[in-house]
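Engineer: TrEMBL lists 89-239, 293-355 with the feature domain 'Alpha/beta hydrolase fold-3'. Per TrEMBL, the feature active site maps to Ser171, Asp323, His353.
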Amino acid sequence: MMLKALYNIEESWKIMALDAIAKTCTFTAMCFENMGIMRYEEFISMIFRLDYTQPVSDEYITVTDTTFVDIPVRLYLPRRKSETRRRAVIYFHGGGFCFGSSKQRAFDFLNRWTANTLDAVVVGVDYRLAPQHHFPAQFEDGLAAVKFFLLEKILTKYGVDPTRICISGDSSGGNLATAVTQQVQNDAEIKHKIKMQVLLYPGLQITDSYLPSHRENEHGIVLTRDVAIKLVSLYFTKDEALPRAMRRNQHMPLESRHLFKFVNWSILLPEKYRKDYVYTEPILGGLSYSLPGLTDSRALPLLANDSQLQNLPLTYILTCQHDVLRDDGLMYVTRLRNVGVQVVHDHIEDGIHGALSYMTSPFYLRLGLRIRDMYVSWLDKNL
C-alpha cells in the first residue's frame, strides 16, 4: 500500500521512505514467521506484488466516485429500497497522512462491508496527502467534506437520517476523525451533529514522543517509532530538523509547556501501562524555529482543552497492545471520561498497528477480520 503511493513523494524522501518501509517489512516478516502466520519469503514476495486497488465486488451497493466541494469522496449507497432514512458513516482512511485512498483495496473492502452489513450510506473521504500538502490541508478537506454532507439537502438526497451519523477513522484517519468531530460538535453554525465517533488505533499527539508505548514498540511490527516520526513530521514540514528533534523529544516550542498536562501519561495512562517507566517532560526549544501546527489541536486533537471535549458524542476507541500509538488512544479514553463523555474502549492484547490492512487477499489475518467485525458490530448496535 505504501509502496504504490511513493510516486507522489519527492526523490530524496522516496529513498528514505523506501529504506524505512523495507526495514519495517523485513522485521514484520520475521515476526510473522515466528508467529506461524507465513514464511519470511512469502511475506516479502507478497508485499512487492500486491495490488491494493483491485475492487471488491458487491451486488447490493452502488459505488460512486464524486466530489464534495472539490474534495474527492467515494460514496457507497445501498441498492435496497428503504421506507425510512438510513444510517451513515463517514470514514477517514489511515496511511500516516502520506499514503492511502478510499479506492485502495483494504479501505474499499471495509467501506463496502460496512455499507452492506448496516444497509448504510458510507462516505470515504480522500483528503490531500503529505508531503505535497501540509497541515492544515488534510483537516480542512475533511471538515469541508463533512460539513457539506451534513447539509439538509445532501442528507435528503442520499436518504440519510440526520440523527444517525458516525465519523470513523483508523490511525492517521483516526486523528482526522477526532479533529473534525471536535470542530463539528463545537460549531454552533452546524445544524446537524454527529451521533458517535469511532477511532481505531488513532494517532492523536506527538507533543510527547517518548511515551511508554513508544519505548515498548520502538521496533514494533508494521509501524516503528522511527517510521511514525518520519511520517508525522511530513504532515508539518519537509525539513529534516523536525524528525531529528522529535526523536530526542525536543521539538516542542518554548511557549508550549501549558499543553503538557493534556498528554501527561503519568496521570492519564492506567497503571498497568505506566509500569515502572519514569515520566520526564519533553525538552522545549530543541527546534530552531516554531511550527504553529505543533500546538494546534486541529493537528493534534489530544491537545484540545476540556471545554472542547465536553460536547463530544458517544465514542468508541480501539487500541492495540503492540502499537507505538497505543497510549494516544488510552489517554484520550481517560480525558473523555474525565469530562463526562460516554466512552466504550476495546483493547486488543495481541493487536498490532494497521491490522485492518491485512484482511484482504492474500493475508486474511484473523486479527484484521476480528477488528472489522468488532467495528461493524458495534456500529450496528449503537448507530
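Indices start at 1 and increase along the chain as displayed.
Cβ atoms here come from the backbone N, Cα and C positions, even for glycine.
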Engineer: For a three-state summary based on DSSP, what are the helix, strand and coil counts in the domain 'Alpha/beta hydrolase fold-3' (293-355)?
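Structural biologist: Across the domain 'Alpha/beta hydrolase fold-3' (293-355), DSSP assigns the residues as follows: 24 helix, 19 strand, 20 coil.
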Engineer: Take the C-alpha atoms of His353 (active site) and Asp323 (active site) and report the distance between them in angstrom, rounded.
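Structural biologist: Rounded to the nearest whole number, the Cα-Cα distance is 5 Å.
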Engineer: Determine, to the nearest whole angstrom, how far the Cα atom of Asp323 (active site) is from the Cα atom of Ser171 (active site).
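Structural biologist: Pair distance, Cα basis, whole Å: 10 Å.
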Engineer: Please average pLDDT over the domain 'Alpha/beta hydrolase fold-3' (89-239) for the predicted structure.
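Structural biologist: Across the residues of the domain 'Alpha/beta hydrolase fold-3' (89-239) the model's pLDDT averages 97 on the 0 to 100 scale.
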Engineer: Sequence gap of 6 or more, Cβ distance under 8 Å: name the residues on the same chain that satisfy this around Ser171 (active site), in order along the sequence.
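Structural biologist: Same-chain residues close to Ser171 (active site) (Cβ under 8 Å, separated by 6 or more) are Gly94, Gly95, Gly96, Leu200, Tyr201, Pro202, Gly203, Leu325, His353, Gly354.
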